[in-house]
Amino acid sequence: MDPVTHMKHEVAKAAASRVQSGMVVGLGSGSTAALMIQYLGDRVRNGELTNIQAVPTSFQSSVLANEYGIPLTTLNEVDRIDIAIDGADEVDPQRNLIKGGGACHTREKLVDARAEQFIVVVDSSKLVEALGTTFLLPVEVLPEAYIQVGKALEKLGGKPELRMAVKKAGPVVTDQGNLVLDVKFDRIDQPAELEKAINNIPGVLENGLFVGLTDLVLVGEVDGDRVSVREF
């Protein structure tokens, strides 16, 4: 296993180890979250974890949870989420995030905002001084409104483009049946204000700014052959 892959496994394992029996767990989406689900499933199968329920944030995490024997539930069926574990595309020094590279940010925000503790798992390349400097901001929009929303985003200083699918003709379609505009901002210095401004645009379902939600970030780091996980 190469050092980078090893690091991702260690971060995922560290996150999965924080889940305790009897908890309701929010399952994130993406490559590191997928590894976390695998380790969580291992703990369920060997009897280390009992009586847990998981709320998936995407079709991907739902399929993985079923594959690894993790009992699933839904937001509407639980009165709490004890812990949510998810990845991120960017993390700033205040632990604000950009998420949505997998077009799952709407359901992710629903689950992560509900959680008593929200843990983010990333590698050090995702740490930035200001959001928007390395990753476009995803905005989920109603299909019939994407042009109108795009013009409104331009007035906010953004440069939107419709996310296109790789293995199908046409745009990416979210689990909710909507489209995604990826918006370039030179730098997002006031993420809370921008999050609200974008969500106030008619036709927007949700954007990928996660402000004030994160309780802990687990950062995987590689130094030569040495792999470590630190908290912030």
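Backbone N, Cα and C atoms are what each Cβ position is placed from, and that goes for glycine too.
Values in this document were obtained by computation on a predicted structure and should not be read as measured data.
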Of the candidates Lys13, Lys126, which does Swiss-Prot annotate as part of the substrate site that also includes Ser29, Gly30, Ser31, Thr32, Asp86, Gly87, Ala88, Asp89, Lys99, Gly100, Gly101, Gly102?
-> Lys126
Alpha-carbon spacing, Lys126 (substrate binding site) to Glu108 (active site, proton acceptor), which is rounded to whole Å = 18
Given the binding-site residues Lys99, Lys126, the candidate whose Cβ has the fewest other Cβ atoms within 10 Å is Lys126
Applying the rule Cβ within 8 Å of the centroid of the Cβ atoms of Ser29, Gly30, Ser31, Thr32, Asp86, Gly87, Ala88, Asp89, Lys99, Gly100, Gly101, Gly102, Lys126, what extra residues of the same chain belong around the substrate site?
-> Gly28, Ala33, Val122
Residues that sit under 8 angstroms from Glu108 (active site, proton acceptor) by C-beta distance, when 6+ apart in the chain | Gly28, Ser29, Thr57, Ser58, Asp86, Lys99, Gly100, Phe210
